[in-house]
Amino acid sequence: MADTRAGFVALIGEPNAGKSTLLNQMVGAKVSIVTHKVQTTRARIRGIAMEGSAQIVFVDTPGLFRPRRRLDRAMVAAAWGGAADADVVVLLVEAHRGLTEGVRTIIEALKDRLPARTRVALAINKIDRVKAEELLGLSKTMNEAYGFEKTFMISAEKGYGVKDLKEWLAAELPEGPWFYPEDQIADLPMRMIAAEVTREKLTLRLHEELPYQLTVETERWEERKDGSARIDQIVYVARDGHKGIVLGNRGETIKAVGKAAREELTEFLGRPVHLFLTVKVRPNWLEESERYSEMGLDFRDGD
Ligand SMILES: Nc1nc2c(ncn2[C@@H]2O[C@H](COP(=O)(O)OP(=O)(O)OP(=O)(O)O)[C@@H](O)[C@H]2O)c(=O)[nH]1
């Protein structure tokens, strides 16, 4: 497609401003769970949203604005690297708190740290908490403190104004091909997401011990009458020795992995999940085309 757009957007603001709520509104929980651990070189990707023919990639931004220790300063500098790479930055402030000391500090940092080409928009959030008259005054005060490209009045929680903001962001991004295939981010089947969650917990638990030749598949997904879901997954490893690593002493590794995965899936689905994990040795799984399609890969691409 010739007229696609793609770019990076950083949401910044004081703690509690509503960044996560806004992100979830724009991205949808399904996509953010898949992308929130993906790393780019400079910034962590929090989520990806599609708007018309544009792909908006949201990146993580600094949480600390007045770092005291050297280590904290170094971390903030790295995080600002992510914001500086962004095409657009959105500063989120709370309508009922206005131009606080913390917001002033962020504005100073914007002036110091961002390249001149970065566009910065203001989103006044939680407008459901104040009277309309107050908003005009706040918008004026904020725009005197910084030359924002545009000002949006939104309620991330209720969804007011979010669509306008998203459309504006999409139009601001540079023309170019998408960074991620659309189907990869939008249509990931639930069973694949569930397998990815378990794989992630295995990675966290096993670190470098993790057998490289390991894959997780959701074998069965049963919706139960009581509203819960029963999910059966198989962890395929290539060798007997790997099975022992994944099970752990008296099965404690796989038990902990199952518990962590079940908790995340329960929260994600918003209903109880019963998760059953089985570890199987399948020496040739790397050569089986079925394993690849379960991962959303094309077996032939591996030739
Ligand atoms: N009334 C109201 N509350 C909101 C709105 N948006 C977010 N909140 C609430 O504000 C609180 C903070 O929201 P988060 O999205 O967690 O804020 P955050 O900026 O991600 O916070 P940190 O993770 O601490 O940086 C939550 O209790 C939200 O429910 C809104 O539009 N209106």
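Just so it is clear, glycine is given a Cβ too, placed from its N, Cα and C backbone atoms.
A TrEMBL annotation is a machine prediction, not a hand-curated record.
Values in this document were obtained by computation on a predicted structure and should not be read as measured data.
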In TrEMBL, which of 60-63, 224-227, 248-251 is labelled region 'G3'?
60-63
Using TrEMBL as the reference, determine which range in 125-128, 181-184, 217-220, 241-244 is annotated region 'G4'.
125-128
Stated TrEMBL location of region 'G2', expressed as one of 39-43, 69-73, 114-118:
39-43
Restricting to the same chain and to sequence separations of six or more, state which residues have a Cβ under 8 Å from that of Lys19 (GTP binding site).
Leu11, Ile12, Gly13, Leu92
Cβ-Cβ distance under 8 Å to Asn16 (GTP binding site), same chain, at least six residues away:
Glu94
Short question: which residues 6 or more past the ends of the region 'G4' (125-128) have a Cβ under 8 Å from it?
13, 17-18, 22, 92-96, 135, 153-158, 160-161
What are the DSSP helix/strand/coil residue counts across the region 'G4' (125-128)?
2 helix, 1 strand, 1 coil
